[in-house]
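Engineer: Residues annotated as ATP binding site in Swiss-Prot: Arg118, Lys158, Lys163, Asn167, Tyr202, Lys203, Gly204, Gln205, Glu213, Arg214. Under the heading repeat 'ANK 2', Swiss-Prot lists 156-188, citing similarity to another entry as support. The repeat 'ANK 6' annotation in Swiss-Prot covers 338-361, and the record cites similarity to another entry as its basis. Residues or ranges marked as repeat 'ANK 7' by Swiss-Prot: 396-418. The annotation transmembrane segment is assigned in Swiss-Prot to 436-457, 476-500, 514-535, 539-559, 563-601, 660-686 on the grounds of similarity to another entry. What Swiss-Prot records for 458-475, 602-633, 656-659 is topological domain 'Extracellular', and it gives similarity to another entry as the kind of evidence. The resiniferatoxin binding site annotation in Swiss-Prot covers Tyr514, Ser515, Arg560. For Asn607, the entry in Swiss-Prot reads N-linked glycosylation site, with the evidence type similarity to another entry. Positions annotated as Na(+) 1 binding site by Swiss-Prot: Gly647. Under the heading Na(+) 2 binding site, Swiss-Prot lists Gly647. Residues annotated as Ca(2+) binding site in Swiss-Prot, with similarity to another entry given as evidence: Asp650. Summarising the annotation, Swiss-Prot assigns region 'AD' to 688-716.
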Amino acid sequence: MKRWVSLDSGESEDPLPEDTCPDLLDGDSNAKPPPAKPHIFSTAKSRSRLFGKGDSEETSPMDCSYEEGELAPCPAITVSSVIIVQRSGDGPTCARQLSQDSVAAAGAEKPLKLYDRRRIFEAVAQNNCQELESLLCFLQRSKKRLTDSEFKDPETGKTCLLKAMLNLHSGQNDTIPLLLEIARQTDSLKEFVNASYTDSYYKGQTALHIAIERRNMALVTLLVENGADVQAAANGDFFKKTKGRPGFYFGELPLSLAACTNQLAIVKFLLQNSWQPADISARDSVGNTVLHALVEVADNTPDNTKFVTSMYNEILILGAKLHPTLKLEELINKKGLTPLALAAGSGKIGVLAYILQREILEPECRHLSRKFTEWAYGPVHSSLYDLSCIDTCERNSVLEVIAYSSSETPNRHDMLLVEPLNRLLQDKWDRVVKRIFYFNFFVYCLYMIIFTTAAYYRPVDGLPPYKLRNLPGDYFRVTGEILSVAGGVYFFFRGIQYFLQRRPSMKALFVDSYSEMLFFVQALFMLATVVLYFSHCKEYVATMVFSLALGWINMLYYTRGFQQMGIYAVMIEKMILRDLCRFMFVYLVFLFGFSTAVVTLIEDGKNSSTSAESTSHRWRGFGCRSSDSSYNSLYSTCLELFKFTIGMGDLEFTENYDFKAVFIILLLAYVILTYILLLNMLIALMGETVNKIAQESKSIWKLQRAITILDTEKGFLKCMRKAFRSGKLLQVGYTPDGKDDCRWCFRVDEVNWTTWNTNVGIINEDPGNCEGVKRTLSFSLRSGRVSGRNWKNFALVPLLRDASTRDRHPXPPEDVHLRPFVGSLKPGDAELFKDSVAAAEK
């Protein structure tokens, strides 16, 4: 029998007890293996069905048990090599193969253990290294590897390494380094360490993903040292962003997983390790980088926003130091969105505000800033905001994404109040769009006057089309009709263009696009009028008057140009969509129900003479109906019941019934439910709606005006867009490769009573209008001071170049030491730069 040799003393130890091996190793063919743990899911189909419903099991889904099966009896195998397991202190175990001489000195050979998936999985799950002592010998003797299919879970493709990673004890599992050493000696280390799940639910997840998810830096280091692929993508259903299904989207890659789980140390290790550094610009299956993934996991809560913005800032700075020329924030996903545009489109207002107002103080990373403080005086400071990816001159700009996003996007109205978006839209409105909008309003008013006049003086004799008489009035009328039809054609094609470009959903059609829809319906009625007119049908008048009525209603669209009227129009819209629609649904149900009951009760001919005489005497003076009115129809009964709703009904409008008590009870119940209950409830709901949306009405109006501004700009020619573009091209510093960093910037003057000018980045000593006065700049990359409203005509680049020249030949007459300025972030957001500010103050 084989004996085991101690590495320290070389003395023999007692042999392992006989019961350490299964009975079948002793040749007992009748012995049965112990029962395996039951499956969580009997089949892959049942498992996917259960997860689709969101059910759970006591056992972790990724740690499901292996299949239950019996071991086939095999003869005992003897080998001449021995595996020695040595534990060095508290560190990981290691394994080595003894030489033949050592084996000979150990004594007689011992029968070798047989291993299958069940035995290996049990050993690694229980952290039992002794059970795996003969595993290497078994694999070498049988010429097998741990990556063979017989050692993997047939349903999920899970290996023993993945099983061990899922069964850590106090953050470690001693079988992991042993398994890696065995894989190395069987020439399958790379394949073994990068083995991943193969089922559709956890497809692509490797041991490195699990180690990062378990927040275990030691295991991450061990796996990377042994060749783990840092670009492995976990793209199973569990790792996709699917509405209504459990899962966690983190960007598929290990780097994104570490970032989205707030593990900065692992992020730095993955990017800076000497074995296989991760690619910071790598994308997942939807084209998202690590920055996109951070935006995706943001949920607008304070704690989450703080960690996401902090991690975003750290990765951005680290990427700039590792790859100075890489523009990580400008990389787009498959939808063509940058991280900034993605934050705007998904309503992540905290992340959006951070990116727009980011001001980095480190000189080597200052080119990552999107905000540059120009000067400060007390609580007042002037800032230059970078307009790249913001203005409409670029595709998928932030303004377009917010304005044209779905109505279900959270914080859609509030995002337009974040600087510089708020001031930028106001500048666009004041400079150009306002005048164009008022001109369009005037033209539309003139169009409606012409349309109304032509409709009012339409011919009434004969059938259309009418002959043109040689009279001045007919010429004016025909001219008005032609202009009215031309306006309808214009609104029709404009509506077609709008629907093709925006492709709004049914909900967005009534919430955000109601004005465009009304203009389109107005055009449809006008075109129907033309068709009926030339078809010799007098019914053209019906469609014409509908188009005329909608035309005047659409005048409310132009209230967007006036704040008070615009907010009032928003309230009307919300009350119609929220309260009136629900009221009309319930009211129509009551009206139809009681009308069918009353019309069933009424019998024509019953007491006809008395009824006709009484009703004729009662109603003829009001001109409401003739003496021979019949109420044995649903239409006439509905009209009578509608009069009860507005308080003009008569309980004795007919006597053609047999059961007077039943008739009166029906009418009284209808009056109570509609005139008393529903109408008063509608009034109360409208009052509540006004109070509720009073605060957000201004934001909604600003959103509507922003849409109008962008629609107006789209009608400009390309040369006009450049001429009317807000902001100015300025040099704000130098790029990492030494070139001029020129950006299109927009100036915003802000007042902040909580952050004073004790911390200054780029600042002029003389704020305001000080032309001709010598300026002392306080930073090596200084910008010139822009004064007042004429800041666009001020040349900033010469001052920067002059400042840079002086910095290259240092002999300053005096040193001005000013501490860096944090910016205009909110108090909660300003804490994100707390560490960098403290370091700068030191």
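Even glycines carry a Cβ here, placed using N, Cα and C.
Have a look at these and tell me how they're positioned relative to everything else.
Structural biologist: For Tyr202 (ATP binding site), the count of additional Cβ atoms within 10 Å of its Cβ stands at 22 [all protein chains shown].
Sorting the repeat 'ANK 2' (156-188) by DSSP state (H, G, I as helix; E, B as strand; all else coil) yields 17 helix, 2 strand, 14 coil.
Counting residues per DSSP class in helix, strand and coil order gives 15 helix, 0 strand, 9 coil for the repeat 'ANK 6' (338-361).
When Cβ-Cβ distances below 8 Å are used as the criterion, the repeat 'ANK 7' (396-418) is approached by residues 300, 332, 336-338, 340-341, 344-349, 352-353, 356-357, 389-390, 424-425, 502, 505, 507-508, 511-512, 696, 699-700, 702-703, 706-707, 710 of the same chain, each at least six residues removed from its ends.
Long-range neighbours of the transmembrane segment (436-457) within the same chain, counting only residues 6 or more positions beyond its ends whose Cβ lies under 8 Å from a Cβ of the stretch, are 473, 477, 480-481, 483-484, 487, 544-545, 548, 551-552, 555, 558, 560-561, 708, 712.
Across the topological domain 'Extracellular' (458-475), the prediction's mean pLDDT works out to 86.
Residues 447, 450-451, 453-455, 457-458, 468, 513, 516-517, 519-520, 522-527, 530, 547 of the same chain, all 6+ positions outside the transmembrane segment (476-500), place their C-beta atoms under 8 angstroms from a C-beta of that stretch.
For Arg560 (resiniferatoxin binding site), the same-chain residues 6+ apart in sequence whose C-beta sits under 8 angstroms from its C-beta are Phe437, Gly566, Ala569, Trp701, Gln704, Arg705, Thr708. The secondary structure of Arg560 (resiniferatoxin binding site), as reduced to three states from DSSP, is helical.
Panel annotation: around the transmembrane segment (514-535), residues 464-465, 484-485, 487-492, 494-496, 498-499, 543-544, 546-547, 550-551, 553-554, 556-557, 573, 577 of the same chain, lying at least six beyond its termini, place a Cβ under 8 Å from a Cβ of the stretch.
Residues 510-511, 514, 556, 631-634, 637-638, 641-642, 645, 657-659, 662-663, 666-667, 669-670, 673-674, 678, 681-682, 685-686, 689-690, 693-694, 697-698, 700-701, 704-705 of the same chain sit 6 or more residues outside the transmembrane segment (563-601) yet have a Cβ under 8 Å from a Cβ within it.
A coil conformation is recorded for Gly647 (Na(+) 1 binding site) in the three-state DSSP classification, outside any helix or strand. Long-range Cβ neighbours of Gly647 (Na(+) 1 binding site) (same chain, at least 6 residues apart, Cβ-Cβ under 8 Å): Tyr675.
In the structure as shown, the Cβ atom of Asp650 (Ca(2+) binding site) sits within 10 Å of 14 other Cβ atoms.
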Engineer: Give me the long-range Cβ neighbours of Tyr514 (resiniferatoxin binding site): same chain, 6+ apart, Cβ under 8 Å, in sequence order.
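Structural biologist: Listed in sequence order: Glu573, Leu577.
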Engineer: Taking the Cα atoms as reference points, how far is Gly204 (ATP binding site) from Ser515 (resiniferatoxin binding site) in Å?
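Structural biologist: Computed Cα spacing between Gly204 (ATP binding site) and Ser515 (resiniferatoxin binding site) is 48 Å.
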Engineer: Which is it, of Arg118, Lys163, Glu213, Ser515: the one of these binding-site residues whose Cβ has the most other Cβ atoms within 10 Å?
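Structural biologist: Result of the Cβ crowding comparison: Lys163.
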Engineer: Could you round the CA separation between Glu213 (ATP binding site) and Ser515 (resiniferatoxin binding site) to a whole angstrom and send it over?
Structural biologist: 49
Engineer: Would you list, in sequence order, the binding-site residues among Arg118, Lys163, Tyr202, Ser515 whose CA lies within 10 Å of the CA of Asp650 (Ca(2+) binding site)?
Structural biologist: none
Engineer: Can you tell me how far the Cα of Tyr202 (ATP binding site) sits from the Cα of Ser515 (resiniferatoxin binding site), in Å?
Structural biologist: 47
Engineer: Round to the nearest Å and give the CA-to-CA distance linking Lys163 (ATP binding site) with Ser515 (resiniferatoxin binding site).
Structural biologist: 59
Engineer: Quickly jot the same-chain residues contacting the topological domain 'Extracellular' (458-475) by Cβ under 8 Å, restricted to those at least six beyond its ends, or write none.
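Structural biologist: Counting only partners 6 or more residues beyond its ends, the topological domain 'Extracellular' (458-475) has Cβ contacts under 8 Å with 532-534, 536-538, 540-541, 544.
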Engineer: Let's see if you can do this one: DSSP helix, strand and coil counts over the region 'AD' (688-716), in that order.
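Structural biologist: Across the region 'AD' (688-716), DSSP assigns the residues as follows: 24 helix, 0 strand, 5 coil.
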